[in-house]
Amino acid sequence: MQDGIIAGNGNSRYLKTVAAALSLYPTYEDFITALIAGTFPIDLNGINEAGWSQKGTPLNKFTLVSDTTETKIWGSAGNHTVDQVFGKILGSIGYSLIKEYTSPGSYTHTFDRKYTDIFVIVVGAGGGGGVGEIRKTNEYYNEWEGRGGGGGGAGEVVVAYFLDSTKISNKNIVIGSGGSGGTSVSPNGANSDIGGRKGMSGGSSSAFGITAAGGSPGDSFDAGKAGGVASNITSGPGFGGRGHVNDTVSEQGEDGSLIMTFGIRAPGGGGGGGNSKGSSTGNSDGKGAPGGSSGGGRGGNGATSSANGTNGADGSRGGGGGGAGGGCNFLYQQKSSGNGGRGGHGYVAIYGRGAF
């Protein structure tokens, strides 16, 4: 574009008024009065080339944002501003979040424009925390404790890469629901053992035909496994922590591994629940363990002489639910366990760059 330069001879533009100006403003006084009031009709009627040393590039829709440019960026012509054009270009240089799905359910994702590169992160839902058994009185070394439940395993993480968003034919998105935690168990007067309750597995999530498995649930002591990985694999999403049993301490849920592509961490496992404080040895501290980073729920605390076991905390963003705090079955101290925490729901995040 080039600037316009006026020649300075007083002849740069034409002015034009209405055809009836003489009859509307017959005297000079009428003309001046209307001009002062701003009611005299006048238009700029173009440029007199003789009054310009250099004509400037016209500022109009075509020279600022042409239909051709708009179509390349948005797919069709419109009335976008220059600021919108630059915003779109800057946003297409690196990866930016296009859409994130976090609520359980089924969806269809439609891209509003073409992207040259697509990254999608698919996370399965976490497994629910377990509820530990409550033992009968004097069965093991005069113990009348309730075990802490195991923490739920985190959901699997799958990162997929696509070239050209227009080539993605499967537009389906599914977000898995976090597995429910086991429900509380109550004492029975110290006459018999009371079995624990296992949580539920987390639901799988999927996007564009890519599936991430949900985490396994915690049970009456053992931790849930992370979704989609073998028992001997330690990287990726975290396993849940084991519940407190005998003289051991509840295990913390495993941290999820760092996903370097976007600097986020895979979900962690739920923490193990604490025993009740009924052990005659006095070695049980009854505290639930923290969940793994990120998103693992903390395990519940075991019952005391004055309170029931507490609930395991829910996981978040694919993390495992915390194990329940154990109950108590001593003849004079009947206390229920807590509930296992729900696993975190799965999620899908779609990133793109190179928008057209």
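Quick reminder: no glycine exception, Cβ is built from N, Cα and C everywhere.
Pulled from TrEMBL, these are the features on record:
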type	residues	note
COMPBIAS	183-194	compositional bias 'Low complexity'
COMPBIAS	266-276	compositional bias 'Gly residues'
COMPBIAS	277-287	compositional bias 'Low complexity'
COMPBIAS	288-302	compositional bias 'Gly residues'
COMPBIAS	303-314	compositional bias 'Low complexity'
COMPBIAS	315-328	compositional bias 'Gly residues'
DOMAIN	102-351	domain 'Glycine-rich'
REGION	180-202	region 'Disordered'
REGION	261-344	region 'Disordered'
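When each of the listed stretches 266-276, 288-302, 303-314, 315-328 is scored by C-beta pairs under 8 angstroms to the compositional bias 'Low complexity' (183-194), 315-328 comes out highest. The DSSP breakdown of the region 'Disordered' (180-202), given as helix, strand and coil counts, is 0 helix, 2 strand, 21 coil.
Residues 126, 129, 145-146, 148-149, 151-152, 154, 238, 240-241, 243-244, 249-256, 264-277, 309-328, 338-339, 341-344 of the same chain, all 6+ positions outside the compositional bias 'Gly residues' (288-302), place their C-beta atoms under 8 angstroms from a C-beta of that stretch. Remote same-chain residues near the compositional bias 'Gly residues' (315-328) are listed as 102, 123-132, 134, 144-155, 157, 178-179, 181-182, 184-187, 194, 199, 202, 215, 218, 223-224, 226, 237-241, 243-244, 250, 253, 256, 266-278, 286, 288, 291-292, 294-303, 308-309, 334-347 (criterion: CB distance under 8 Å, separation of at least six residues from the stretch ends). Sequence-distant contacts of the compositional bias 'Low complexity' (303-314) (same chain, six or more residues past either end, CB-CB distance under 8 Å): 129, 146, 148-149, 151, 178, 181, 184, 270-271, 273-274, 276-278, 286, 288, 291, 297, 321-328, 333, 335-344. Long-range Cβ contacts of the compositional bias 'Gly residues' (266-276) within its own chain (Cβ-Cβ under 8 Å, at least 6 residues beyond either end) map to 123, 126-127, 129-132, 134, 145-155, 157, 215, 218, 223-224, 226, 236-245, 250-259, 284-304, 309, 312-313, 315, 317-328, 335, 337-338, 340-341, 343-344.
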